[in-house]
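Before any comments, here is the structure.
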Amino acid sequence: MYVHSPEEDNTTRYPALEQMTDNPFHLWEGHNEDPSAVTIASGILSDEQLYIILLFIIYTSQVINNCAIIANSLSIAVFVKLGFSEPSNISLTALAICDFTLAVLLTWSNLCFLLTYHNVRLPFHGANVTFLTGGAQWAFLSSTVAWITAFISFERCLCILVPLKVRRLITPRFTFVAMLVIILLTFCPSFFIYIRYKFVWVFNPYHNITILNTIPLNDEFAILFDKISLVICGVIQPVLAFLIVLICTVLLVGQLRKTSSWRMLVTSAKSQRVQPKENPAAGSSAEEVRISQKEERLVRMVVAIATIFIVSYIPTCIDLLCYVVFDEFNQFGVYRGLFIVSGYIISLGQTISGSVNILIYYKMASKFRSVFRRLVRLDC
């Protein structure tokens, strides 16, 4: 890593810095003693509009972040106490761990923004360094959450369509390996971004100090590799996972409707003490009915989780498409301000999604509710 001395010209050694300085909106680059003094345009949004929007979103998201951190910590603790003999406990634990990490990464980004906005002199450029130490990882980890949700939804579909075969296939060991593979293929590629961007020490004339900053490299291989990895891991993978969750959710909802109709038919037949025709399941034993009801509760829980995920992930899909279609819609482009705002809006939605899962578990899973109540001393 090169340490830049104050006497040297930053833009001479790193031409990219000149582009960043001349950018129509380079967040926090020109802050001195008064943040409101910066009046550089940001594509569609002005500085004043951008700061008002960001401050509102960040303060709101941080409150929800704190809830998400607490909620997912409790969820992880409950699943650990429940044990991992059930494959669903393993996948739901992995989902809670990812949601917890997403909340921590977003807290780091929020903290850096607020400290910079309130003129706390950080030893690094708040926006750019945060992008490489939290923002990029958050984006890829959200893709991990999408694929774990897709796996949970797909596993429930298989349990309904081929229940005997899937129980032999999807074992706890298989689920554990699947979670590791998903993390390796979706989150670990986030570190490839360091091929495209580099940390450098640069002189900040506003504060008369040398700070850590980042620059995009102009190497053709790095640019090509960055684009390919972002398109595959940052666009194709999450959109494909979203479609899988959407399709599986539709199938599960359809199955729930069939199950509900069957139960109404059985109840009606019993009330009339008549065996319904063309429905041999109506003569099932009490044990079979009990197991069916247990499976139905689990399906309903998965549908609730998937539905919340779908609603919260739609803005992400739109943002990813904009990132691919519009060249200037990125961290260093003309529409940098909109890019940052959309990122915080997306993070807010996904944090809400991750923080409410514990309410679904508590309402729909009796074992989870029982262990949770003992854990927080509600049942003494």
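Along the chain as shown, residues are numbered 1 onward.
The backbone N, Cα and C atoms fix where each Cβ goes, and this holds for glycine too.
Per TrEMBL, these features apply:
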TRANSMEM  50-80  transmembrane segment
DOMAIN    71-361  domain 'G-protein coupled receptors family 1 profile'
TRANSMEM  92-118  transmembrane segment
TRANSMEM  138-162  transmembrane segment
TRANSMEM  174-195  transmembrane segment
TRANSMEM  228-254  transmembrane segment
TRANSMEM  298-326  transmembrane segment
TRANSMEM  338-362  transmembrane segment
Problem - Interface check, the transmembrane segment (228-254) with the transmembrane segment (138-162), three or more C-beta pairs under 8 A - result: yes
Exercise for the section: Would you mind listing the long-range same-chain contacts of the transmembrane segment (92-118), meaning Cβ under 8 Å and 6+ residues beyond its ends? Expected result: 28, 31, 35, 51, 54-55, 58, 61-62, 65, 68-69, 72-73, 75-76, 79-80, 84, 126-127, 129-130, 133-135, 137-138, 141-142, 144-145, 148-149, 152, 179, 182-183, 347, 350-351, 353-355, 357, 361
